[in-house]
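*Asks:* Just dropping this structure here.
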Amino acid sequence: MTDAPVISPIDQARILSEALPHMQRYDEETIVIKYGGHAMGAENDAKAFARDIVLLEQTAVNPVVVHGGGPQIATMLKRLGIKSEFAAGLRITDGATIEIVEMVLAGSINKQLVGYINEAGGKAVGLCGKDGNMVTASKATRTMVDPDSRIEEVVDLGFVGEPEKVDLTLLNQLIGHELIPVLAPLATSATGQTFNVNADTFAGAVAGALKAKRLLLLTDVPGVLDKSKQLIPELSIKDARKLIADGTISGGMIPKVETCIYALEQGVEGVVILDGKVPHAVLLELFTNQGTGTLIHK
């Protein structure tokens, strides 16, 4: 690891001065940040992310953090001798698995991230979509083509949910009051059943309900790539749909982009897919001229 470059006091002042108009743009605005399990990395990376979130709050931005936890769930399931199974990019979640998912997301990752933010000087509040019936969901359904028969079949994903409604009562008590909501992507059904919700989908639903200024999806790739594997810095909804249709956007990037489109259609001003492993990725996107990742807009 190389030492960080030394920045003179004058250059530090210049950087802060150049950030001012960007800070003013997001003054008192709500930014929803999805912090993916793959983006979390080592403890030092998570603590650096937490400090950046506190900095946002200190500059009058209202951050709302939604975290994932796929790798951490997989590690716990493996430790307990439970096989991880996926269909259509979603974890098949049976009765035993949903208990472990809830334990890891709401009990471990959530409280750890809350601790890091509080350690950095913030006031984080750890919640999940079940708290206050914040996010209600219904059972998710997916279809897949059987490779042998070529017949499309419905896949039973178990306790995997799709958000149906977001109740902002609880979040509105926190946002704008120097409190930073940290949300685990769990939801409840109308009958009280716990559902595991894809973190991107959960973040998109929350951002849409809040009419957030920005939704940032932190992942482990630079953003949306073209067929030459070069970053596409900006896309409209129309452009994004074309790239899905022609196969440029494929695999796991499709549901991420579909989440972006949904959030935009619900009133979010802009959505960015960016590499959360880049140091200070959130600050680079919000407070610099060039930004980072792929911005998707109407």
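For all residues, glycine too, the Cβ spot is worked out from N, Cα and C.
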*Asks:* Taking Swiss-Prot at its word that Gly69, Gly70, Arg91 bind substrate, choose the one of Asn172, Asn196 listed for that site.
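*Replies:* Site partner of Gly69, Gly70, Arg91 for substrate, according to Swiss-Prot: Asn196.
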*Asks:* Write out the long-range same-chain contacts of Lys34 (site 'Transition state stabilizer'), meaning residues 6 or more apart in sequence whose Cβ is under 8 Å from its Cβ.
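*Replies:* When sequence neighbours closer than 6 are ignored, Lys34 (site 'Transition state stabilizer') has Val66, His67, Gly68, Ala199, Asp200, Phe202, Ala203, Leu215, Leu216, Leu217, Leu218 within Cβ distance under 8 Å.
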*Asks:* Within 8 Å of the Cβ centroid of the substrate site residues Gly69, Gly70, Arg91, Asn196, which other residues of the same chain have their Cβ?
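*Replies:* In sequence order, the nearby non-listed residues are Gly37, Gly68, Ile73, Ala74, Thr93, Val101, Val104, Leu105, Pro185, Asn198, Ala199.
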*Asks:* Going by DSSP, is Gly70 (substrate binding site) part of a helix, a strand, or coil?
*Replies:* helix
*Asks:* Restricting to the same chain and to sequence separations of six or more, state which residues have a Cβ under 8 Å from that of Arg91 (substrate binding site).
*Replies:* Gly70, Ile73, Ser84, Glu85, Thr97, Val101, Leu157, Val160, Asn196
